[in-house]
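**Q** What TrEMBL records for this protein is below:
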type: BINDING; residues: Ala36, Leu65, Leu101, Trp422, Gly429, Ile430, Ile431; note: FAD binding site
type: BINDING; residues: Gln173, Gly174, Asn175, Val176, Arg217, Arg218, Glu229, Gly429; note: NADP(+) binding site
type: DOMAIN; residues: 27-190; note: domain 'FAD/NAD(P)-binding'
Amino acid sequence: MRQGVAFYLARNLFCRSFSSLSPHPLHVCVVGSGPAGFYSAEKILKAHQNARVDIIDRLPTPFGLVRSGVAPDHPETKIVINQFSRVALNDRCSFFGNVTLGSAVSLYELRELYHVVVLAYGAESDRNLGIPGEDLAGVYSAREFVWWYNGHPDCSHLSPDLKSSDTVVVLGQGNVALDVARVLLQQTTELAKTDIASHALAALEESSVRKVYLVGRRGPAQAACTAKELRELLDAIYFLRSAKRGSILEYPNDSQAKSNTGIKDLNVHIKEADLHTTPVDEEVLKNNRIQRRVYELLSKAALSGSSCPSSSQRELHFVFFRKPDHFIPSDDNNGHVAGVHFEKTVLQEVGDSGKQIAVGTGQFEDLRCGMVLKSIGYKSVPVDGLPFDGHKGIVPNIQGRVINNVSDGATQIEKGLYVVGWLKRGPTGIIATNLYCAEETVSSISEDLDQGVFASGIGSQKAGREGLLQLLDGRNCKYVPFSGWERIDCEEKRLGSLRNKPREKLTTWKDLLKVAAE
Ligand code: NAP
């Protein structure tokens, strides 16, 4: 018995070598400086007073999706950058930009250098449709288009042709699809006041795009967007039409509807026939408040009909029950897309789960356009040495602990390796979702520390930041510290002030690295 107690005390003492009383720092590396990475770093620093957290990112700039994904006309969403900056400026935290996991440093090396490695590098690739014509010019993923207008240095040369046609087809009906539709249809005078990249603003100012088709393979009861984002697009129509009728359109319990935030002079088209619901749909709508709100908004937009068209009018078409079959090449064989060949669909319930999938009917129709944006979801990519579930597109994990399939379904926990954000749960959720996600992963880390999971490595100190710096120096990797980002930030704000914008983003690797090093 006494032996047991002695063992317990010894183990606790041992484990506590990582506690706040310990002289030994807990070395943590967070890979990826988006919301999931920063929320994790913040929570680790708070929970473990002896933790030293290094955040690495392949870009010279921090903040991931907040900088490259959030639409420029959503500045309020970007305010979280202030909170993340405070984390980066914590004495126990460091940022190393321009450091790519997999080339500048391997996962194996990071695990050797740090007690805890938290992977938060998100989803930087795209799901593919795998249908003919996907590689035609003019077919882009929404991610590329978003990165282009947000000044991501990997997409600043995208140069989408917005002048040759008045029609764009967007595949998918999630919030990213709404973002790209809004940017394409928005008045450029409004966009000019945002931090949109100057190359994108110039192209949009000259754009001849007047019609955007948002095409979903399922129906309005399954649309993937959320009500707040949808309302932004639709508000203007309600106001336009209710003002014309001299009445205020009823928006039950909807205070936001009182402000007109939508796109002016936008005509929204939805076929009333598509609003027909089946008993399964009814059940879904009854039980899911978010879907119900979206469905109600779409119904109202459909029933409002078209207002008097004007020459400046832009059109947004919600098209349901169509799945892309192939992309249509242009007649002159110049390798450019000229439209999408769709198959009409019906929904089929999977078992009695309530989930309905789209199945083809054998009936087809074409939609001509000059550009297609595939907004069907982002995709994470693995790095060497990382267990990865290719089917789900995530790192297999239990509450953020990375697990490995060893054999016959048996799993093993990868000691000291954790995952958070889109890499952990797939590419869904808003920025705040990452807060809860980070909470879960950091709780797992804390539990593992308490349980002595790292005990075998304790005697062996880890090199942490110093080891990383040595390794990067040895490879002549010019990392960008947070002070380098602050120089970029300062310069972008200075350039922005000359154009009455919050910032003018530097959009090339060369400019970013040059200013960071000045
Ligand atoms: P998403 O919400 O998952 O939407 C993906 C869309 O693509 C769905 O309409 C889906 O249809 C469709 N799709 C998927 N595979 C398809 C296929 N093979 N053929 C045709 N259509 C296909 O993804 P997202 O729009 O990229 O957004 C990612 C996450 O970021 C979401 O959680 C979103 O809410 C969030 N986000 C939030 C904001 C905001 O809060 N303002 C802004 C942007 C993004 P099915 O439903 O039929 O699968």
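Any Cβ shown, glycine's included, is placed from N, Cα and C.
Just so you know, TrEMBL annotations never went through curation; they're auto-generated.
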**Q** Using Cβ atoms only, which residues of the same chain lie under 8 Å from Gln173 (NADP(+) binding site) while being at least 6 residues apart in sequence?
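**A** Sequence-distant Cβ neighbours: Leu214, Val215, Gly216, Ala223, Ala224, Cys225, Phe318, Ser375.
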**Q** Out of Gly174, Gly429, which of the binding-site residues has the smallest number of neighbouring Cβ atoms within 10 Å?
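**A** Each of the binding-site residues Gly174, Gly429 was scored by Cβ atoms within 10 Å; lowest is Gly429.
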**Q** Can you tell me the mean pLDDT for the domain 'FAD/NAD(P)-binding' (27-190)?
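**A** When the pLDDT values over the domain 'FAD/NAD(P)-binding' (27-190) are averaged, the result is 97.
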**Q** Which number gives the other C-beta atoms within 10 angstroms of the C-beta of Glu229 (NADP(+) binding site), all protein chains shown included?
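**A** If we count other Cβ atoms within 10 Å of Glu229 (NADP(+) binding site), we arrive at 19.
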**Q** Consider only the binding-site residues Leu101, Gln173, Glu229: which of them have a Cβ under 6 Å from an atom of ligand 1? Write none if no residue does.
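**A** The ones that qualify, in sequence order, are Gln173, Glu229.
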**Q** Filter the binding-site residues Ala36, Leu65, Leu101, Trp422, Ile430 down to the ones within 10 angstroms of Arg217 (NADP(+) binding site), Cα to Cα, kept in sequence order.
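**A** So the list reads none.
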**Q** Can you check which residue among the binding-site residues Ala36, Leu65, Leu101, Val176, Ile430 has the largest number of Cβ atoms within 10 Å of its own?
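**A** Within the set of binding-site residues, the most crowded position is Ala36.
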**Q** Give the three-state DSSP assignment (helix, strand or coil) for Trp422 (FAD binding site).
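**A** It is helical.
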**Q** For Arg218 (NADP(+) binding site), just count the other CB atoms lying within 10 A of its CB, please.
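**A** Its Cβ has 20 other Cβ atoms within 10 Å.
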**Q** Just to verify a number: CA distance, Leu65 (FAD binding site) to Val176 (NADP(+) binding site), in angstrom, no decimals.
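**A** With distance taken Cα to Cα, Val176 (NADP(+) binding site) is 12 Å from Leu65 (FAD binding site).
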**Q** Which of these binding-site residues is closest to Asn175 (NADP(+) binding site) if you go by CA atoms: Ala36, Trp422, Ile430, Ile431?
**A** Ile430
**Q** Please list residues from the chain of Trp422 (FAD binding site) whose Cβ is under 8 angstroms from its Cβ, counting only those at least six apart in sequence.
**A** Ala36, Gly122, Ala123, Tyr378, Ser380, Thr428, Gly429
**Q** Around Asn175 (NADP(+) binding site), how many other C-beta atoms are within 10 angstroms of its C-beta?
**A** 17
**Q** Considering only the binding-site residues Leu101, Ile430, Ile431, which residue has the minimal Cα-Cα separation from Val176 (NADP(+) binding site)?
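**A** Comparing Cα positions, the closest of these binding-site residues turns out to be Ile430.
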**Q** How many Å separate the two farthest-apart Cα atoms among the NADP(+)-binding residues Gln173, Gly174, Asn175, Val176, Arg217, Arg218, Glu229, Gly429?
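**A** Value for the max Cα separation, rounded to a whole number: 21 Å.
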